[in-house]
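Asks: This is the structure I have questions about; it appears just below.
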Amino acid sequence: MTPRKKLKGLVAATITPMTPDGKINLPVIRQYVDYLVNEQNVKNVFVNGTTGEGLSLSTQERKQLAEEWVCQGKDKLDHVIIHVGALNLPECQELARHAAAIGAGGIAVIAPFFFKPTNKDELVAFLQKVALEAPEVPFYYYHIPPLTGVKIRVEELLDGIKAQIPTFQGVKFSDTDLLDLAQCINKNETGEFEFLYGVDEQLLSALAIGANGAVGSTYNYLGRQTNLMLQAFAKPDFALAQHYQFLTGEFLNFVSKLGFGVAQTKAVMTFVSGIPMGPPRLPLVDASSEFIAKAKAKLDSIVWPHGN
């Protein structure tokens, strides 16, 4: 494998823009890339994941999106990670081969969650079969037990994984079990693996434990503020870092009480960025006008440090 820039900092879990009639709106991806880079200072993306409704898209749609992000991100983005997970192995393998062919910076795989792996060996066997289809591409496990119901601890998964999956690069860790994350980082003494945290409202806690960075939906529209939190943490100015985290949490706590999911994330991104993200795909339904009004008012009311 050729030398690569280490993946760290913020990674936007990309939204899939759709037209009003529910088709993929590929032409806005170019504007989306420029917005992330120029307005949010976010130069890494995670495509076709949960926020991107990846499991609600056809294989062809997922390929088209992957191609567009790689194409538009060339010379602008540092890393384009393509999620290739699916409920069946052949589809995962096909998507992995495609990601490798188009020059993706990495691939990630969620645990299958209808017929689930019940132990580490079953999960690793599945992941290994996918990784083998892209033998030159960094491989990430996408750990999100709240959605998959697969609660195999990542700490356990790491034991011997490099021997079984030579391209294994790290984990998108979307769980609140900070004990598991801490044990993973403690085992990562050489720093060969990257641990990217996926619960945006708890990012500061994960950074304190040693996470390399984060993958999340809020970095689409709060990337600039979260980058300032990362800078404050690195200084270190923990009080300022806390302030940023508390304000992000204040917004997320507010919208969560209204009902906050992918559809609502699309609505927030649309009114913040001005880029039309469109509706979600059924069975998800559009955010209500009431939600949009209240979320916008709340976000506008937040006073960020130093006017940021």
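The backbone N, Cα and C atoms fix where each Cβ goes, and this holds for glycine too.
Heads up, TrEMBL stuff is auto-annotated, nobody curated it.
Note that the structure is a prediction, hence the values are computed from the model and not measured.
What TrEMBL shows for this protein is this:
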type	residues	note
ACT_SITE	Y142	active site, proton donor/acceptor
ACT_SITE	K172	active site, schiff-base intermediate with substrate
BINDING	T51, V215	pyruvate binding site
Asks: Taking Cα-Cα distance, which of the recorded positions T51, Y142, V215 are within 10 Å of K172 (active site, schiff-base intermediate with substrate)?
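Replies: Correct set: Y142, V215.
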Asks: Can you tell me the CA-to-CA distance separating the residue listed as 'active site, proton donor/acceptor' and T51 (pyruvate binding site), as a whole number of Å?
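Replies: On Cα coordinates alone, these residues lie 13 Å apart.
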Asks: Excluding near sequence neighbours, so keeping only residues 6 or more apart in the same chain, what lies with its CB under 8 A of T51 (pyruvate binding site)?
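Replies: Expected: A13, T14, I15, S217, N220, V262, T265.
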Asks: Around Y142 (active site, proton donor/acceptor), how many other CB atoms lie within 10 A of its CB?
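Replies: A 10 Å sphere around the Cβ of Y142 (active site, proton donor/acceptor) contains 26 other Cβ atoms.
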